[in-house]
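Enquirer: Let me begin by handing over the structure; questions about it come next.
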Amino acid sequence: MAAPRAPLPQLLLFLVAALLAAAPVRKADGAGEFDVRRHLSTVTRYDVARGSNSVNSMPSVSDGCRVIHLNLVARHGTRAPTKKRIKELDRLSIRLEALINEAKQGLKSDSLKKVPSWIKGWESRWKGRTKGGELTSEGEEELYNLAIRVKERFQDLFDDEYHPDVYSIRATQVSRASASAVAFGLGLLSGKGKLGPGNNRAFSVLSESRASDICLRFFDSCETYKAYRKRKEPDVQKQKEPILEHVTAALVDRYHLNFTTQDVSSLWFLCKQEASLLNITNQACGLFNEAEVYFLEWTDDLEGFVLKGYGESINYRMGLPLLKDVVQSMEEAIIANEENQPDGTYEKARLRFAHAETVVPFSCLLGLFLEGSDFEKIQREEALDLPPMPPQGRNWKGSVVAPFAGNNMLVLYQCPGKTSDGSTSGSQNNSYFIQVLHNELPVSMPGCGNKDFCPFEEFKEKIVKPHLKHDYDMICKIKPPMAREEPATFSSKVSGFFTGLFSQKGYRVASAENVKTEL
């Protein structure tokens, strides 16, 4: 009789253990190129993300082209921990004290020698706070400086006298998003008014009600998405468990404290807050070696992929109202340009400030950060594989896709058109192009032949049109149970993903159909 095959969870544990053992073991705050602040997923600061952006695309704007319109979709800047997370850190403080006391009462008198000194008596920087999630001063600077760079980069676009219908600034009704819009507006219009020593001027920030804002908070009103997320969140947590268990075992062995996986999860969160908000990398972050940071970062990126990104089409299809709004604004700008409407009578920029839950789906609608032939799969509405696991490289990284203040800019250009005899043509079809900038860098679009500079009509036909067969109201209303089509389960996707990983490494793995234990 053949030996029974190991259930999938045991295989996953074996894989993670092998990869962790094979990966570099250098402290997160050690010397060298490794910087933990670049591996904090969506908690990464914008200036750090820009410095580590690996998007490989060179500017390709033709000579003679001029900008006629700009669309900006930006995440809010760096923020303080939310109220829920502040409570988690308070619980962590109590838990660490209990672990220290437990170690003191242990049989080994030297059990505390391995414990980092900062843990003894540690208290959260946010202890006692009853509110959180607000934009920090660093977050204000991120958006203020972004505005200054945008204004300098597109000087001709922003040389008009300010009017709210010419430069439309919009934000969600969440304080950190609206504060980000204000910080951006201050940078954009600095020196253009008469208020105070900085010659500032007042400007308008428009917001829709949270209950009806399907352009920037579409995720709040989409019942299908909320049901999907509620159903999938437990699966994601199960998928993260193998890595958390191995990191926990390593930390228990390293520091002689009886950490649980919940302790490690909270310590990783503390690491991200300290490194991002306080530039402290030698406390909580110092507990983890480089390999462990890579794997913990992957668990965060996996969560973002499954619950906000390409993990399921509902995640980005619900952003269709935003995509339509962007295209409509550009079409209106083209009409104004064709009619030679005078400056100051039409919109030149539409500037939006929202959340990761807005920026990530919008990036997916554009087809950014895909692997290989994934764009064709999306066009056929097929499920995508999960992001490759370390040490493999991957395009989907939260620190690049949606760091604090992460943004997509769609820049509309008019370029001299060329006819068959080489003469210049004013034809609308020939002369308008879109360039997509992600975090201010040109990024290639698979739907436009992996170019970052795409004819507007081709952009509409190949990237926008396939999404238009769906309708927000239809996809966001929960279907009756008998009518609902059940997509491939998350567990089956995970099974297939790791089966492929093992196959590449020469391991023999049971097929998903033969594995009864679900992840």
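Each Cβ is built from the backbone N, Cα and C atoms, and glycine gets one as well.
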Enquirer: Need the cross-check against TrEMBL: the disulphide partner of CYS65, picked from CYS415, CYS448, CYS454.
Expert: CYS415
Enquirer: If I take the alpha carbons of CYS65 (disulfide bond) and CYS285 (disulfide bond), what is the distance between them in whole Å?
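Expert: About 47 Å separates the two Cα atoms.
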Enquirer: Quick check for the class: what is the C-alpha distance, in angstrom and rounded, between CYS415 (disulfide bond) and CYS271 (disulfide bond)?
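Expert: So the alpha carbons of CYS415 (disulfide bond) and CYS271 (disulfide bond) sit roughly 48 Å from each other.
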